[in-house]
Amino acid sequence: MLSRRIIPCLDVRDGRVVKGVRFRDHVDMGDIAELAQRYRDQGADELVFYDIGASPEARSVDVAWIERIARLIDIPFCVAGGIDSVETARRVLFAGADKVSINSPALGRPELITELADEFGVQCVVVGVDSVRETDGQWRVRRFSGDPDKTQAVPLRTLDWIVEAQRRGAGEIVLNCMDSDGVRRGYDVVQLQQARALCQVPLIASGGAGAMEHFAEAFDQADVDGALAASVFHSGAIAIPELKRYLRGQQIEVRDVY
């Protein structure tokens with residue numbers, strides 16, 4: 001069985017790392033390069049950088065900081081935010097990113113997923129899914145979630161979108177359960193289980209990690225391939241080496257920390 005991945009997520013705004021609760025009230029968490037190097041040294045398996053203002057502000061991601069990160073770390077990293085064309089994705093990948101993640105642009109033009117997969121290969125194409133449970137009990141997707149004032153509901157069931165994204169060429173799905181984001185009460189295991197039943201590509205859990213047990217629950221109960229987290233790593237509440245030792249003690253296979 002492949003090792004499960006531990007993935008710090010760094011939300012980027014104006015070249016700084018920020019973090020909010022349920023995508024609101026963002027506070028500064030530090031320098032992007034310093035945090036990236038820290039996580040690399042601690043044994044992170046990969047990193048995700050999300051330019052949270054790019055899509056809501058209808059601009060492209062700034063490749064200057066991508067080039068800076070690529071020179072500093074030697075683990076895979078993915079870039080998300082404002083990637084709305086093959087040309088933009090090419091700039092991001094050529095700047096040093098290993099993968100691109102698309103979310104709002106794919107909802108506006110789903111064929112973008114196929115275009116990117118055809119051009120760069122499915123291994124480079126991640127589809128991020130921001131999901132909210134609505135009053136009727138159904139999970140539905142949101143777009144432009146990087147800015148609470150611009151977030152839009154989309155009349156599309158989360159599970160239906162996961163199926164369509166795979167059909168169009170997504171090589172990986174990151175399911176961000178927005179109701180859990182930043183509150184540290186655990187991943188939405190029920191939603192992840194339903195997504196896992198439909199997901200034939202790697203599935204990454206996002207939103208809600210607050211304790212080491214939450215990672216184990218996502219791996220054991222939802223069989224996700226990786227777990228993404230932000231605030232617990234940025235704040236120092238959980239250190240990656242200790243987390244990996246804990247997971248190995250739970251018979252969950254993770255890569256060694258070198």
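Using N, Cα and C of the backbone, Cβ positions are placed for all residues, glycine too.
Residues or ranges marked as active site by Swiss-Prot on the basis of sequence analysis: Asp11, Asp130.
It is 14 Å from the Cα atom of Asp130 (active site) to that of Asp11 (active site). DSSP assigns Asp130 (active site) to a strand segment in the three-state reduction. Within 10 Å of the C-beta of Asp130 (active site) we count 26 further C-beta atoms, all protein chains included.
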